[in-house]
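Since the structure comes first, as C-alpha cells, the remarks are kept for the end.
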C-alpha cells in the first residue's frame, strides 16, 4: 500500500484549515452559522480554534476508520479503487458533517486532543531518535565505503559540531530572554545539564557517537523554549508572542510523521531464502551423451533451505512490508497533535479553560525530561548490560 496519498491528505487538511483561519475568517467562515456561536464570544480566536478542531477531528476519525479496516482486512497494494470509491467520500462526508456539530463537542475534544498529544510527543521522541541514528549510520557507511574521501568525515563533523554549537547558542539566548523568571531559570539549568552530560556520554569509548547526542541537544533546547513561552504571568524580554514556536513545532511534527510513513514501508527482514545449487564437494562429472542423460543421478542436485550470503540470494517472493494499521495509528495520533500545534495548545474555546497554559507547560517540560533521560539511558545501557547486543 502506498502511504504518500494519505500523507498528502493529512497535510492538505492541516494547511487548508490554517488558511481558512488566517485568511478566510471574514469571507468564508463568517458565513457558517455554527462557527459564530462560541461559548466565549469575547475570545477573538474562538472561531479559528473551532475550525481547526473540526479539521483535526475529521482527519482523526478518518484515520481511525482506516486503521480498523486495515487491521481487519489487509488489502496490501490493491486499494487503488477504494481510495476513490470509499475513502475520499468518507473524508468529505465527515468534513461536511463536522460543521453541523455544536461547538460544545469541540470544547471537550480540545482537551481530549491535549491529553492524547502527549502520546504523540513520546512517539515523536522515538521517531526522531530513529531518524538521527539512521542519518548517522548512513554517513558512517559512506565513510567506510570510501576510505579516501574527505567529504563524508567533514560532513559528519560539521553536522555534529554545528548541532552542538547551535544548541549552546540557542540556550544562551534563552537565558537572556527569560532571565526574570525563577521557574524558567530552573528549566534552563536542567537543559544545560543535559547539554553537558549527553555529549560527554557520546564521546566515551563504549559509545563513540557524537552526532545523535548533538542533534538531541538541539531538540531538548527546542522543548525548553516550547515550555518557557507557556509560563503564566511572565513576558520575556523580547516581548514576543508564542506564535514563532508554531513554525518549528509544525515542521518537527511533519518530519516525524513523514519519517514514520517511510520507515513503515520498509521491508521486513528475511532470514531464510530458497536456494538451488550443486554441492561444492561434488566432483565434476564427465561429459555425457544424449543416451546417458536419462540416467543422471538426481541425488547430485541439492535443494536446501539455509541462510545464504547476500551475493547468493535469489528472491522468489515479494518482500513483506509492515502492516498498514501501524501507519494509520501514527496518523491517527498525529491528528491530535496537529490541533494542539495549530492552536498553540489553545484549549480556551470553552468553559474548561482554567489552567491551559500551566497544563501545556508541564506536559511539554515533562516530555523534555523524559526525552533526555531515555536518550541518556540508550547511551549508558551498553555499559550496564555488556552481555547484550545493542547494535
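Heads up, residue numbers simply count up from 1 along the chain you see.
Just so you know, glycine gets a Cβ as well, placed from its N, Cα and C.
Annotation comment: TrEMBL describes 7-25, 51-69, 81-102, 108-133, 154-177, 183-202, 209-229, 241-262, 327-347, 359-385 as transmembrane segment.
Counted over residue pairs separated by six or more positions, the transmembrane segment (209-229) shares fewer than 3 Cβ pairs under 8 angstroms with the transmembrane segment (51-69), which leaves the two as not touching. Each of 154-177, 183-202, 359-385 was scored by its Cβ pairs under 8 Å to the transmembrane segment (108-133), and the highest score goes to 359-385.
Sequence-distant contacts of the transmembrane segment (154-177), counting only residues of its own chain at least 6 positions beyond either end whose CB sits under 8 Å from a CB of the stretch, comprise 135-136, 139-140, 143, 184-185, 188, 191-192, 195, 199, 210-211, 213-215, 217-218, 220-222, 224-225, 228, 236-238.
Among 51-69, 183-202, 327-347, 183-202 has the largest number of CB pairs under 8 A with the transmembrane segment (359-385).
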